[in-house]
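**Student:** Not my notes, these are from TrEMBL:
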BINDING   B:CYS636, B:CYS642, B:CYS676, B:CYS680  [4Fe-4S] cluster binding site
BINDING   B:CYS680  siroheme binding site
DOMAIN    B:4-283  domain 'FAD/NAD(P)-binding'
DOMAIN    B:320-383  domain 'NADH-rubredoxin oxidoreductase C-terminal'
DOMAIN    B:420-469  domain 'BFD-like [2Fe-2S]-binding'
DOMAIN    B:555-617  domain 'Nitrite/Sulfite reductase ferredoxin-like'
DOMAIN    B:627-768  domain 'Nitrite/sulphite reductase 4Fe-4S'
Amino acid sequence: MNTTAKEPVWIPVSAVSEFPEDGGVCAKVYGEQIAIFHFSSRNEWFACENKCPHTGDMVLARGMIGDSQGEPKVACPMHKKSFSLRTGACISGEEYSIKTYPVHIEDGTVYIGIESPGTQG
Amino acid sequence: MKRKLVILGNGMVGHRFAEKIAEYGGAEKFEVTILGEEPRRAYDRVHLSDYFTNRSADSLYLSPSDWYRANGIRLLLSEPAISIDTVSRKVITSAGTELPFDELVLATGSSAFVPNFEGVDKQGVFVYRTIEDLEKIMTYAKQVSKVAVLGGGLLGLEAAKAVLDMGKESHVVEFASRLMPRQLDEAASSVLKSKIESLGVRIHLNKETKQALGDSSFQGLEFVDGSVLEVEMLIISAGIRPRDELAKNSGIEVGQRGGVLVDDELRTNVYGVYAIGEVALHKGMIYGLVAPGYEMAETLAYNLCSPGQKTKSYAGSDLSTKLKLIGVDVASFGDALGQTEHLPIAYTNPRTGVYKKLVISPDGKKLKGGILVGDADAYSTLLTLYLNNVELPAEPESLIVGTPSKEGSAFGSLPDEAKICSCNNVSKGDLLGAIRSGSCSDLKGLKECTKAGTGCGGCIPQMNSILKEELRAQGKVVTEHVCEHFKYSRQELFQIAKVKGIRSFEEMIRTHGMGNGCEVCKPAVASIIASIYNEPIQKHREIQDTNDKYLANIQRGGTYSVIPRIPGGEITPDKLIVIGQIAKKYDLYCKITGGQRIDLLGARMEQLPDIWKDLVEEGFESGHAYGKAMRTVKSCVGSTWCRYGVQDSTAFAIRIEERYRGIRAPHKLKSAVSGCIRECAEARGKDFGIIATEKGWNLYVGGNGGVNPKHAILLAADLDEETCVKYIDRFMMFYIRTADKLVRTSAWLEQLEGGIEYLKDVIINDRLGINKALEEEMDNLVGTYICEWKDVVEDPEKQKKYKHFVNSEDPDPTVCFIEERGQKRPVDWPKKELVSN
């Protein structure tokens, strides 16, 4: 995977109205499953991979969002491990982490920033 | 025949005495009546000035409104005694009631001392004593801008602060040459005075009032020295006068300058008549503080409840105080004014407004008293050294200069009998005992358990360090807060939601929490709201725990299981066939659950609405297997089939399950009904279980098969069906209202102070007087039941939430099954190696 820092490519996903307030949904972006959260009580958006790094199940979008000492996070629905939505680090003190993505809103559409689409692997 | 104990006065001391009587088991010996002159029950007069800001008597009350009844104490309000007949031994009240007594306790307290100067009766002059006084003050203050407080003692300075807070010009007038003349010396007073003046309160010392100015309404004070203070309102807080007139008129001996004379056992000269608190004159002292009154109450209650034991003596009280006056720390303890032989060590810093004084014994070894103004951090250390007569370090000044250790290593070595809370006479050992018993794991709990820290509050830092130290020693730090977002327990949040009518998480966190919430508090609030209002939980979808959110249990692979309700485990062949057909149609794995239902596993998220549409059409409803809710009621075949059965357990189980289906609770709830003592339904392994007897039904509670399996305990025996249902209503609602989050009934019952006997008292005898409310709440939940799945399958909008992708109709391509024993199951999770990209 190309890791050189560069401006991501913005992929439109869906209309803002499709996203529940203070909740998440899963989107399919170039074959990847990405969990996108409309954190409306913070007026922020976050995105991360949908896969629970612990069990491999595609469920993070169904997790509950919240904060821990001000850090925005999502709790995995399988065993309630929490992950920072900013950095992807596991707040519950486990070693694994998740990948996060930038989110951009324009004209009522939600965009996800992906590096070099289609060239991964 | 119980002895008749009459308490005159329902102030802080009278109430404390009643509490102690209850605590010492006096309810078995005495029929207690307590008379209050005020229209309300006992409240915290020490924090009266809080009323200026919060206007809430509720926060000042010393006990819940049902406390008296729950403890078998008769409370008569707005009904003072007007005479005591010491010969025929009865009290006559203002309402003409005659109350015969065997024991009589005078706890009539004191009234404000009103100096006798001319014009003191003018309109605009008030005393500062009761909530009613405060209400009058607040009303009158609306029309004035300048207010004086007569009296520079503790209460007077508090009142001056309240005046300042009301936005008025505030003056303090003191007869003596210094503020708080009983506690502070000249130097301390002068530091305090400049501090208080810098905040805007004007202080007038050495002022003897000659007369009040003004025609009908008060316009100011003229002093003996000829000076005049022009103010429009006067609040008198110049000391107290014991309310001894009733005693005096009844031939009970009083002191020359007032106060009912008592000996070391708080006895008056009349047999069986006692006096405690501010009305009592003990060894020439009338104490104007609550702590000595509490000590007297404790001593007397102990003596009355423990006949035959060695009686306790009241030896007089320590007059230590620590207060925050207008934001300035002030503390004084022991022989603060140095009235006995001593060496003083003092430190003054006019720049920072700090004054500290130690009064030590001539040999420098013992601390006899002290004063702290501006910085009272050292108070709890010093008070402990003083009260326990601990030998001082070689350089005692180190205790007040430099930075004294707050959590003091000095305490670690304190003996268990060291007194920590002098207001309530609580020792270090008492605190440790309460912590070790497991009944309190935070400061709030410790205060409730031991009463320590509920008087002046000066010992709170020490309580905190003892608590922390002990919890650390036990290897735990426990709080009852739901999580970092709410400084409340679940029980408190429940009450808040109910009282304030809060119906959403957003409202709850905005008004009573902080931050954005989390996976702990969101479902807890969701459960509370559901338990109170019983709305479809999908209305608050994003705060539901993962299973509630999709109305199904998430399983390995991220698929879901489906459990339709099968009340009592009874099912017709047709319905059984339908379940089989639906399972086949959607390729679901089937299993009979431990609760006599059928689990259909392996449903993909997007299949759930279709599966349930089919089930609902065939007459099934949600089994709530996904919720912290009432789930299943197991049964045996009972008297309809079984050759041993004595009652129809199946019919009763169905009735129970249908009554309580889906009710949200702090944790999942299960039940069972057995038709005879052979217990084939294993009812005693359930949160509540019912076993048939020849005469009716036995109701057991608090069992379950969770992590710590417990057999349920008998709550009531041989009930008819209606009574049994009524008791279950009460039990369930009481649990729902009071249990902490995720605590099952067995743990809840274990933690309930008083255990099963207390629970019986609440459920059967209505000890708390809440059963009617509990039954009504349950009726409301039962009456508003809806099938959550029916609600979803009738609403296309809600079904949309079950798509795996927001931008594609595809299912989750990663979900895979393998075959085992003729059915499908999810593939295993990867072992050891973490899943990586």
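Each Cβ is built from the backbone N, Cα and C atoms, and glycine gets one as well.
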**Student:** At a CB cut-off of under 8 A, do any of the binding-site residues B:CYS636, B:CYS642, B:CYS676, B:CYS680 come close to chain A? List them or say none.
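**Tutor:** Going by the Cβ criterion (under 8 Å to chain A), the binding-site residues yield none at all.
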**Student:** Check the binding-site residues B:CYS636, B:CYS642, B:CYS676, B:CYS680 for other C-beta atoms within 10 angstroms of each C-beta and report the one with the most.
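**Tutor:** For the binding-site residues B:CYS636, B:CYS642, B:CYS676, B:CYS680, the Cβ with the most other Cβ atoms within 10 Å is B:CYS636.
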**Student:** List the other residues in this chain whose Cβ sits within 8 Å of the Cβ centroid of the [4Fe-4S] cluster site residues B:CYS636, B:CYS642, B:CYS676, B:CYS680, in sequence order.
**Tutor:** B:VAL637, B:GLY638, B:TYR644, B:GLY645, B:SER649, B:SER674, B:GLY675, B:ARG678, B:GLU679, B:ALA681
**Student:** For the domain 'BFD-like [2Fe-2S]-binding' (B:420-469), what does DSSP give as the number of helix, strand and coil residues?
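**Tutor:** Across the domain 'BFD-like [2Fe-2S]-binding' (B:420-469), the residues distribute as 27 helix, 4 strand, 19 coil.
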**Student:** Count up the helix, strand and coil residues in the domain 'NADH-rubredoxin oxidoreductase C-terminal' (B:320-383) according to DSSP, in that order.
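**Tutor:** Grouping H, G, I as helix and E, B as strand yields 5 helix, 33 strand, 26 coil.
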**Student:** By the DSSP assignment reduced to helix, strand and coil, which category contains B:CYS636 ([4Fe-4S] cluster binding site)?
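**Tutor:** Looking at the DSSP assignment, B:CYS636 ([4Fe-4S] cluster binding site) belongs to neither helix nor strand, so coil.
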**Student:** Across the domain 'Nitrite/sulphite reductase 4Fe-4S' (B:627-768), what are the DSSP residue counts per state (helix, strand, coil)?
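**Tutor:** Secondary-structure composition of the domain 'Nitrite/sulphite reductase 4Fe-4S' (B:627-768): 53 helix, 33 strand, 56 coil.
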**Student:** Pull the DSSP breakdown for the domain 'Nitrite/Sulfite reductase ferredoxin-like' (B:555-617) and write it out as helix, strand, coil residue counts.
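**Tutor:** DSSP composition of the domain 'Nitrite/Sulfite reductase ferredoxin-like' (B:555-617): 32 helix, 14 strand, 17 coil.
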